[in-house]
């Protein structure tokens, strides 16, 4: 429970209705308590941190002035929504964020009526809010709809599709877009738009003149004086402020204003509430505001584990196993030294994808395209047509956003593009929006693709080299976190395409493990005396080995950290069917549902693809193996 002596105002707020009982003069004190409580809470639980600190005042102002949940707030991405959750009935549970059965890390409609739209990926808020505004208008509802979007998310093309639609509608939608401009996404925001917005923060005088003129002249299009002023402004506006872009798209632009000045925020929002049609409010904020260490290291404090706020983040001592991301990070630098044709592309995920070192050592071969997955993939395709060897470093969940480009621009033309796909399979605490549960299914159906899934760190390095040297599109899909700890070979060696690895020779049943499931499968196979295969390739499958195993085994069990539907196991069944081989098969994988947020270990166990789950599934199907398993357990215990 919250300490009412430390938080005398916040302790009285369970919902925004409680917030609205305060006088406007008290809001700054409420914001100060909310910021302190967020620092204390995330220090205990971990979670997304700096983004929430940057929108404390904005969150308070919005819930104070708008009649939420009747008026609807749509938060882009959701990294910044912990303060929103605290003010909307989840204050005393916020310490459970990201934990199994705890508060969701992103807005989730099933969790609260105040979470009006589920998010996790960026740049969706304006489209969603516009849809809500249109539906409300058609229903005769006089509700306000507000989309809050960061400048990093504004780099995605979907944003401009929504702005273009909203600004050209008749009747005009009752929509407010708030641009939360902190010059950051997860990493530093990049690109021409970011530079343009950056100029705005130094143009307050000109903006004041513009806004004053609007009040005097009004915005009536037929006012001759106003038309003259607008023509004069056309000559100068591009030099100073970003209003041109938004106003030419049909939005009334206000700002920029200080997003940490509550009186200014409240005043601006009061005015905007009275206006009709699409509005855009530009606020300048600081990511990590109010916690000095986070302000100084906005990337490092974007998402944190539990820590002591009085000390800040402390590096863990001692050697640790490299993560798969670390393996990729080292490989990409080693390969760049060996192959001058290699170029690397990332859609705004330099830190997460392990490209910090590469970006510093090879800046002319590193391309951060901002949050633009579609562009990233087609950019790689264009590079490949000129003999370059592009690598697209991307999270599995974000590759979904560039799927048409993967098919249409890369695979159809059989171009040499390597997709280094991080966070494949079960991801964990970030929940369904960040899971990589679908990638093997949507990759293996694409003609010309080679799809690989490493069982360990050494194999990951080999597969990356194999994919880069393959003539055609290739994908290496690896999980979040660490592997089994296999020693790495500095050599840049390749694997034969489509060849599996026999891990253990047994009898009766063959366990076919793909990727991160191989270690657990091998442990079960050795215990029960079964054959175990590290399949390595999801496409092409090792046809020769599968047909040979089919001659001397009674059944196959496919095991993958991907949905069963259309996955690697389905490919095995299709191959056997095409060859006229009748073989009983048990497919183990992820369920036909979106998994909730929990630890990776919890989710693997729930899906039955950890060691205990594989063992239980095999024995349930073939109970006659129980005696063998019991003998092994007795031997281990004795």
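Quick reminder: no glycine exception, Cβ is built from N, Cα and C everywhere.
Feature list (source: Swiss-Prot):
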{"type": "BINDING", "residues": "79, 120, 121, 122, 152, 153, 182, 291, 373", "note": "thiamine diphosphate binding site"}
{"type": "BINDING", "residues": "151, 182", "note": "Mg(2+) binding site"}
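Sequence features, as recorded in Swiss-Prot, placed on the structure.
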| residue | record | Cβ within 10 Å |
| --- | --- | --- |
| 79 | thiamine diphosphate binding site | 27 |
| 121 | thiamine diphosphate binding site | 20 |
| 151 | Mg(2+) binding site | 24 |
| 152 | thiamine diphosphate binding site | 31 |
| 182 | thiamine diphosphate binding site | 23 |
| 373 | thiamine diphosphate binding site | 27 |
Which whole number of Å gives the largest C-alpha distance between any two of 79, 120, 121, 122, 152, 153, 182, 291, 373, the residues noted as binding thiamine diphosphate? 32
In whole Å, note down how far the CA of residue 121 (thiamine diphosphate binding site) lies from the CA of residue 151 (Mg(2+) binding site). 14
